[in-house]
Structure formats: structure tokens, C-alpha cells
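According to TrEMBL, the protein has these features:
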- N17, K18, Q19, D20: GTP binding site (BINDING)
Amino acid sequence: MLEEEELKNAILMVLANKQDIHGCLSLAEVHKALGLEAIRNRTFQIFKTSATKGDGLDEAMEWLAGSLQSQLNAC
């Protein structure tokens, strides 16, 4: 999907949810499972989150807003 022409400059944010549950995948495991090591020339970030507790969501949204602003400023 990320190779679609319409998405070539898209920012990728991965929310690794359920991080409050014992036995969840680590960020490194999520990174590997999604094949993110193959991504080149794209801004992306993975965030540990727990939607029920709200953990990590503010940080993720701040990163996304900042990344989008940087991308707009570069145009």
C-alpha cells in the first residue's frame, strides 16, 4: 500500500496498542513484523500506546502534527 503513487510522500505513524497487556509485542517486534526496516525515504515512527489508559496518544499526536508541519514548511 505504501508504494502507491498517491502515498509516496505520506507520513506513517504506527500505534502499537495494547502495550498495557502482558506479553504484547515490543516495538522492535512490531517494527520487524510490519517489515518497516525496508522503508526508505519516508518519515515514520512507532508509538507504544494503550487506548484504554490513554498512554502514548498525546505523544503520537504531537509527533504527527509536528511532522506534518515540517512537511508543509518544506514545500
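Every residue number used here counts from 1 along the chain in the order it is shown.
Cβ atoms here come from the backbone N, Cα and C positions, even for glycine.
Remember, TrEMBL labels are computer predictions, not curated facts.
Distribution of TrEMBL features across the structure.
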residue : record           : Cβ contacts under 8 Å, 6 or more apart
N17     : GTP binding site : T49, S50, A51
K18     : GTP binding site : C24, S50
Q19     : GTP binding site : K48, T49, S50, D55, G56
D20     : GTP binding site : S50, T52, K53, D55
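Within 8 Å of the centroid of the Cβ atoms of N17, K18, Q19, D20, where the record puts GTP, the same chain has further Cβ atoms from A16, I21, C24, K48, T49, S50, A51, T52, D55.
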